[in-house]
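Visitor: Can you read through this structure? Questions will come right after.
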Amino acid sequence: MQVSAALLCLLLTTAAFSTQVLAQPDSVSIPITCCFGLVNGKIPFKKLESYTRITNSQCPQEAVIFKTKADKEVCADPQQKWVQNSMKLLDQKSQTPKP
């Protein structure tokens, strides 16, 4: 009787862990980066180096994370015109061949 109770406990534990892994597969192996606050003002383009779009459904809001030349990360609203323009310019800059 003790063996079957232990086996049942082991099976329930395994089943519970399996559903957690299946329900949230990206939380197991990939860390999630979210923005909880957005910058109010415009960041000059000359200070920007790159960007990353945050569209993860587990984050409270969509955002763009700009990496500055000073190696800082700043969250911005992707709906703002200056953010969209900066992303376009950074895309063009990254596609321009360097001599």
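Just so it is clear, glycine is given a Cβ too, placed from its N, Cα and C backbone atoms.
Pasting the relevant annotations from Swiss-Prot:
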type: DISULFID; residues: Cys34-Cys59; note: disulfide bond
type: DISULFID; residues: Cys35-Cys75; note: disulfide bond
type: MOD_RES; residues: Gln24; note: pyrrolidone carboxylic acid
type: SIGNAL; residues: 1-23; note: signal peptide
Visitor: Tally every other Cβ atom lying within 10 Å of the Cβ atom of Cys34 (disulfide bond).
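Guide: Step by step: centre on the Cβ of Cys34 (disulfide bond), count other Cβ atoms within 10 Å, giving 13.
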Visitor: Identify, among the disulfide-bonded residues Cys35, Cys59, Cys75, the residue whose Cβ has the fewest other Cβ atoms within 10 Å in this structure.
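Guide: Selected from the disulfide-bonded residues Cys35, Cys59, Cys75 on minimum Cβ neighbours within 10 Å: Cys59.
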Visitor: Do me a favour and check the Cα-Cα span between Cys34 (disulfide bond) and Cys75 (disulfide bond); whole Å is fine.
Guide: 9
